[in-house]
Structures are given as C-alpha cells and as structure tokens.
Amino acid sequence: MGLSDGEWQLVLNVWGKVEADLAGHGQDILIRLFKGHPETLEKFDKFKHLKTEADMKASEDLKKHGNTVLTALGAILKKKGHHEAELKPLAQSHATKHKIPIKYLEFISEAIIHVLHSRHPAEFGADAQGAMNKALELFRKDIAAKYKELGFHG
C-alpha cells in the first residue's frame, strides 16, 4: 500500500500547484463533494443553507473551510506516509465531534482527484492520479484505524 519515492514526488509536485491557491482548490473540491454527494452537506451546519453552486461559489466561509481542509491534507501528504502526529487530532475531531464516516472521505478523495485533474491536466496525468489515489487510500486506511481505536465505526 505504501508509495514509492517516485510516486510521492508526483503527489508533491501537483500539491505545489494546489498550494498556490489552497482556498480556491478547496472551495472547488467542497463544491464538487456537495454537488456529487448532497448528503455530505448535512454534516456542515454552517453550509446547509447553500443550495446552489452559485451560493457555494459566493460563500467566503466555504472558501475558508476549503483552505483549512487542504492545509491539513497538505501537512499529511508532505509526511509521505509518516503522518501519525498529524492524523491523530484529525481522526479525533472527525470521529468524535463531526462524526464523518469513512465513506465521506472516499467521496472527498474522488472530488480531489477530479478537481486536480480538471485544474492541472498537464501535471496530473494518469501516473500522478494513480499516485494521489494511493496516497489518499493510505490516509483513509490510517484514519479508519484511528476511528476504530476511538470506537467510531463510521
């Protein structure tokens, strides 16, 4: 399940593009998530009122949350699988406070892959997509293990 050095390099190369506009990428990813899986919006009290894509695009709060999500994910990706310290508080909050099912993390992973491919087709070809998919799978597997430790089976 681990990634090779080359795969991590592909992940981090495209992540450099993401970091140039974390909030914009994050907002696009959350919009894709909410449009593709409307049930996920129910987990976000402060976004439930956003019914249309136009509402979502106009929301500074959504943009801010997108920035928060991708900042945390970037810190995890940069650890190249050695992300125990970064993962623990994230798993804690997502399991006990937010109660985010692992399935929703699969949904946001799909949204990440889609948005990165649409925004960076040259840097995010099949190899980079495969590497990012593996990195996100590793993240989900490890967070699922933490969820289990916390007694959350979402």
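Yeah, the Cβs are placed from backbone N, Cα and C, and that goes for glycine too.
Keep in mind it's a predicted model, so treat the numbers as computed, not measured.
Taken from Swiss-Prot, the feature domain 'Globin' applies to 2-148, supported by sequence analysis.
Residues or ranges marked as phosphoserine in Swiss-Prot (evidence: similarity to another entry): SER4. Applying an 8 A CB threshold to same-chain residues 6 or more apart, the list for SER4 (phosphoserine) is empty.
Here the Cβ of HIS65 (O2 binding site) has 18 other Cβ atoms within 10 Å, regardless of which shown protein chain they belong to. Swiss-Prot lists HIS65 with the feature O2 binding site, giving similarity to another entry as the kind of evidence.
Mapped onto three states, the DSSP output places HIS65 (O2 binding site) in helix. Swiss-Prot lists HIS65 with the feature nitrite binding site, giving similarity to another entry as the kind of evidence.
Listed in sequence order, GLY26 are the same-chain residues at least 6 apart in sequence whose CB falls under 8 Å from the CB of THR68 (phosphothreonine). According to Swiss-Prot, the feature phosphothreonine maps to THR68.
Look at Swiss-Prot and you will find HIS94 tagged as heme b binding site, backed by similarity to another entry. Sequence-distant contacts of HIS94 (heme b binding site), defined by Cβ-Cβ distance under 8 angstroms and a gap of at least six in the same chain, are ILE100, ILE143, TYR147.
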_Please list the DSSP helix, strand and coil residue counts for the domain 'Globin' (2-148)._
118 helix, 0 strand, 29 coil
